[in-house]
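**Q** First the structure, then my questions, so here it is.
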Amino acid sequence: MRVHVADHPLITHKLTVLRDKNTPSPIFRSLVEELMTLLAYEGTRGVRVEDVTVQTPVSEARGVQISDPKPLVVPILRAGLGMLEGMVKLLPTAEVGFLGMARNEETLQPATYAERLPDDLSDRQCFVLDPMLATGGSLIAAIQFLFDRGAVDVTAICILAAPEGLAAVEKALEGREVTIVLGAVDDKLDEHGYIVPGLGDAGDRLYGLV
Ligand code: URA
């Protein structure tokens, strides 16, 4: 597994405003989108391309285009939805699938409650969007779900991670073709599973308390 922390002053600046509890929802939403475009730039370094030749007004030029099958972007509901626009702005030809994950309060294990994905992901490059890598439970389940459908390489893009969650993902997906791209790694998880210092509940801050 590869972990890449996108260390750039613009990312840290936007992240700082996101963390501020006084940042209202509309600004929070547009900042997540902007931040996501920057993280998507980092996260798509490994996007598969193929060689093409085009004709410029002057001569032939060799270049690349994104290969088929097109990448699949999978936001994890609900907070991952806030990251989708920023991602597809940069990768407009990607297809989008959806995965809803929630914790089963009896087993405390993440369970899939909604899914709209191709049945066969063989040879697909997948990009999972989940803003907060906290315990890692839902991200591990989501990535595992994609591998079970045949995906070959998965990049997860998260805004923040806790070291505990990163370690859990690393342990669970050891040896798999996984890249995690992050805005920052914070200090720790608190006893309620919140990232510290974090930014609070990303879903609530994006969409309100519902
Ligand atoms: N999910 C969130 O939205 N925030 C956290 O701090 C942890 C998980």
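In case you wondered, yes, glycine gets a Cβ from its N, Cα and C as well.
Since the structure is predicted, the reported quantities are computational estimates derived from the model, not experimental observations.
Annotated domain 'Phosphoribosyltransferase' per TrEMBL: 5-208, in sequence order. Per TrEMBL, 5-phospho-alpha-D-ribose 1-diphosphate binding site is recorded for ARG78, ARG103, ASP130, PRO131, MET132, LEU133, ALA134, THR135, GLY136, GLY137, SER138, ASP201. According to TrEMBL, the uracil binding site annotation covers ILE195, GLY200, ASP201, ALA202.
Are these features on the surface or tucked inside, and what touches them?
**A** Confidence for the domain 'Phosphoribosyltransferase' (5-208), expressed as mean pLDDT, is 94.
According to its DSSP assignment, ALA134 (5-phospho-alpha-D-ribose 1-diphosphate binding site) is coil. Long-range C-beta contacts of ALA134 (5-phospho-alpha-D-ribose 1-diphosphate binding site), restricted to its own chain and to partners at least six residues apart, with a cutoff below 8 Å, comprise ALA162, GLY165, LEU189, GLY193, TYR194, ILE195.
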**Q** Within 10 Å of the Cβ of GLY136 (5-phospho-alpha-D-ribose 1-diphosphate binding site), how many other Cβ atoms can be counted across all chains shown?
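**A** Step by step: centre on the Cβ of GLY136 (5-phospho-alpha-D-ribose 1-diphosphate binding site), count other Cβ atoms within 10 Å, giving 26.
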**Q** Under 6 Å from ligand 1 by C-beta, which of these binding-site residues make it: ARG78, ASP130, ALA134, GLY136, SER138, ILE195? Sequence order, please.
**A** ALA134, ILE195
**Q** Please list, in sequence order, the residues in the chain of GLY200 (uracil binding site) that are at least six apart in sequence and whose C-beta is under 8 Å away from its C-beta.
**A** LYS21, TYR194
